[in-house]
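Taken straight from Swiss-Prot:
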MOD_RES   2  N-acetylglycine
DOMAIN    3-147  domain 'Globin'
MOD_RES   13  phosphothreonine
MOD_RES   45  phosphoserine
MOD_RES   51  phosphoserine
MOD_RES   53  phosphoserine
MOD_RES   60  N6-acetyllysine
BINDING   64, 93  heme b binding site
MOD_RES   83  N6-acetyllysine
MOD_RES   94  S-nitrosocysteine
MOD_RES   140  phosphoserine
């Protein structure tokens, strides 16, 4: 698990306060499903995922993306205990949903891309480094049940 400096924590929480969770969540999950189409198999119940425009406009994708980012927002308040914060979600994704833990890394990388798009010049290399550390640590926490 990554160790977060006080600067990392400040950088993460400062940017997070400006994130529109609904928009960024839908875009992040939508992009994951478009860019990595094999991840769609976990979302059979979401209806039409036949094209990029269908995925990006799908209300179930948007709603679940918001749920995912809301959970990530909670994590920004518990950076020193991500494993504990995500224990139940790790169990759900491992035992019940059988999600490949590699997908958590992919989702984190897509989120970093979405943040870069949304925040432009404000998303400096230093901000990116803190967020990359965050999404890597979250992916590790979500994967903890698999080991």
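Each position is counted from 1, following the chain as shown.
Backbone N, Cα and C define each Cβ position, glycine as well.
Quick caveat, the model's predicted, so the values are computed rather than measured.
On the structure: features taken from Swiss-Prot.
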residue	record	DSSP class
13	phosphothreonine	helix
45	phosphoserine	helix
51	phosphoserine	coil
60	N6-acetyllysine	helix
140	phosphoserine	helix
Going by C-alpha positions, which of the modified residues (13, 45, 140) is nearest residue 51 (phosphoserine)? 45
Can you tell me the CA-to-CA distance separating residue 53 (phosphoserine) and residue 140 (phosphoserine), as a whole number of Å? 31
Would you identify which of the modified residues 13, 45, 53, 140 has the most other C-beta atoms lying within 10 angstroms of its C-beta? 140
Fewest neighbouring Cβ atoms within 10 Å among the recorded positions 51, 60, 64 goes to 51
List the recorded positions among 13, 60, 64 whose C-alpha is within 10 Å of the C-alpha of residue 45 (phosphoserine), in sequence order, or say none. 60
What whole-number Å value do you get for the CA-CA distance of residue 140 (phosphoserine) and residue 64 (heme b binding site)? 21
